[in-house]
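Reading through the structure tokens given below for one structure.
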Amino acid sequence: MTTPALLPLSGRRLPPLNLGASAFPHHRATLRLSEKFILLLILSAFITLCFGAFFFLPDSSKHKRFDLGLEDVLIPHVDTSKGGKNLGGFLIHGQGHDEHRHREEEERLRNKIRADHEKALEEAKEKLKKSRDEIQAEIQTEKNKVVQELKKKDSKPLPPVPLPNLIGINSGEPADPDIREKRNKVKEMMKHAWDNYRQYGWGHNELKPIARKGHSTNIFGNSQLGATIVDALDTLYIMGLHDEFREGQEWIDKNLDFSVNSEVSVFEVNIRFIGGLLAAYYLSGQEVFKIKAVQLAGKLLPAFNTPTGIPWAMVNLKSGVGRNWGWASAGSSILAEFGTLHMEFVHLSYLTGDPVYYNKVMHIRKLLQKMDRPNGLYPNYLNPRTGRWGQHHTSVGGLGDSFYEYLLKAWLMSDKMDTEARKMYDDAIEAIEKHLIRKSNGGLTFIGEWKNGHLERKMGHLTCFAGGMFALGADGSRDDKAGHYLQLGAEIAHTCHESYDRTTLKLGPEAFKFDGGVEAVAVRQNEKYYILRPEVIETYWYMWRFTHDPKYRQWGWEATQAIDKYCRVSGGFSGVKDVYSSSPTYDDVQQSFFLAETLKYLYLLFSNDDLLPLDNWVFNTEAHPLPVLHLANTTLSGNPAYR
Ligand code: DMJ
């Protein structure tokens, strides 16, 4: 056990032991020799000890396993009353002839042990001649072999499935030169973000554009999983940045390894990695993305091993041990996290033919359907041990948002067959409209947050995605209220635009109030930041697709210019800490969702509608497009949409 630690000390390239080396330089060689001698002595002693122990250990059937070729003569468990003789823990049969045979065997055994002993000494001498670098290289080679073997095991070929109708994956060039120019500007910003990440943060999860080095947050664990590469792939693809796409693909192929001892957020890894890989697979047809998505999904599955089947928020990719965020109410899982897995998991089942993923998310849905909802609202917290709600807080922003989004998108993704999801969406939206949506004194429609029976008149930047959601869900709404929901989407888009327009930088704050004379303005210092978030631009894009009102392109262009002016630095793009300050400070993070979402939605806003048409594609909550599935003939059970 101690040998490897001792080896480097006697390696040729290591300095001699400090003791006496500088004081007595002529003693250096002597010291090295004596070190080697001591090591040899330790090794010999160790081997001799093993030899001795072998003979003096008590009788045990386990000894048969020693590979010394003794099974023929050493017969364990012989009854001594029948003339058997106990020798060093083993029983030898008979006397006379048997004793002679025994002596011969003993001799043979001794010779063998002597030979093994000498061989071990030779090997030890050889090792001692090697430098630390050589030894490390040998260890690395062995490690690589093991990793390769594991990879081979993991990359089992997946069953072939018919690809859905993939249209509109690389068109959308606008005829209007002004719009084309704007689109090119967005593409140039994407290049700037990507090139700097490649130069300074390659392989890290995100980039620190000021410090010019890699960045990561706890949602990705402590490993370098290249979150920005995976999140950016489909944006690169639709922008026609194919060299960059190939670089990303190569990195993923060679380096993206999920067998790491890292505790990650199940939700974030699902929406960014699985969503990103699946979209890259559908767009490019490259198998590697599908294989990686399935490998990763397998690592997330242990998170569902809870008493209720509601997954933990975090899971260790290696051990499979899960747990929840310390800050969540009473050990709860979060609605927007366990409720934002459906799209990706249905696609995983579709692509693999394995219903395991589908069953997990359908189980969550069934459980939610059975639960009582205070005022028809879904609380943000649910305890995965007891199956009971935590605090009665409801939000269409942080902690709740994408749960509602995925109900609607489950219906759209199933080619509108999953009517169960549509019903859940309609019910939820009705309760939200009744209890959370209000008009301010100044006439701005906002969505507040429900906290223990009380409405907080505050709206988050995250909540601004809901304008797009209402517009997307207008068609097919209950009682044919399409016009109403499109109008609601337009009102939310307007309010969120106001939250941008009322700042110095023309960028929106993290949260803004509608209280005490304040309208669409952040009050608390720690809510004044803008971290390159996409939600407002996402809503502009949906509203543009459904109305073609030029104001949405105009608002999107204002945001593009503001981001380029205030968030662009020579090393990439950074969030800013105070959108009301004329000399803002940077937070020094280029979020991966900036490349996945913000720039993608801007690019789509200045593209024709035939790029990723909404009849064929449904965007996951990280803006990764997944095709509509026509699953009528599949064998997925439990939901009429998939029967
Ligand atoms: C993204 O990762 C996703 O849009 C998610 O649903 C919530 N917010 C961030 C970006 O703001």
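Don't overthink the numbers, they just go from 1 along the chain as shown.
Here the Cβ of each residue, glycine as well, is placed from N, Cα and C on the backbone.
Note that TrEMBL annotation is computational and uncurated.
Noted in TrEMBL for the protein shown:
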TRANSMEM  37-57  transmembrane segment
ACT_SITE  E268  active site, proton donor
ACT_SITE  D401  active site
DISULFID  C464-C496  disulfide bond
ACT_SITE  E510  active site, proton donor
ACT_SITE  E535  active site
BINDING   T621  Ca(2+) binding site
Check your understanding: Should we count any of the recorded positions E268, C464, C496, E510, T621 as near ligand 1, judged by a CB under 6 A from one of its atoms, and which?
Key -> T621
Check your understanding: Relative to the Cα of E535 (active site), which of the active-site residues E268, D401, E510 have a Cα no more than 10 Å away?
Key -> none
Point to revise | Rounded Cα separation (Å) that holds between E268 (active site, proton donor) and C496 (disulfide bond) | key: 25
Study note, to complete from the structure: Counting across all protein chains, other CB atoms within 10 angstroms of the CB of E535 (active site) number 24
Check your understanding: Including all protein chains shown, what's the count of other C-beta atoms within 10 A of the C-beta of T621 (Ca(2+) binding site)?
Key -> 24
Study note, to complete from the structure: Its Cβ having more other Cβ atoms within 10 Å than any other among the active-site residues D401, E510, the winner is D401
Review point. Counting across all protein chains shown, how many other Cβ atoms sit within 10 Å of the Cβ of C496 (disulfide bond)?
Key: 29
Check your understanding: For the residue listed as 'Ca(2+) binding site' and D401 (active site), what Cα-Cα distance in Å is obtained after rounding to a whole number?
Key -> 9
**Study point:** Cβ-Cβ neighbours of E268 (active site, proton donor) (radius 10 Å)
**Key:** 22
Study note, to complete from the structure: E535 (active site), DSSP three-state class -> helix
Review point. If you count Cβ atoms within 10 Å of the Cβ of C464 (disulfide bond), leaving out that atom itself, what do you get?
Key: 30
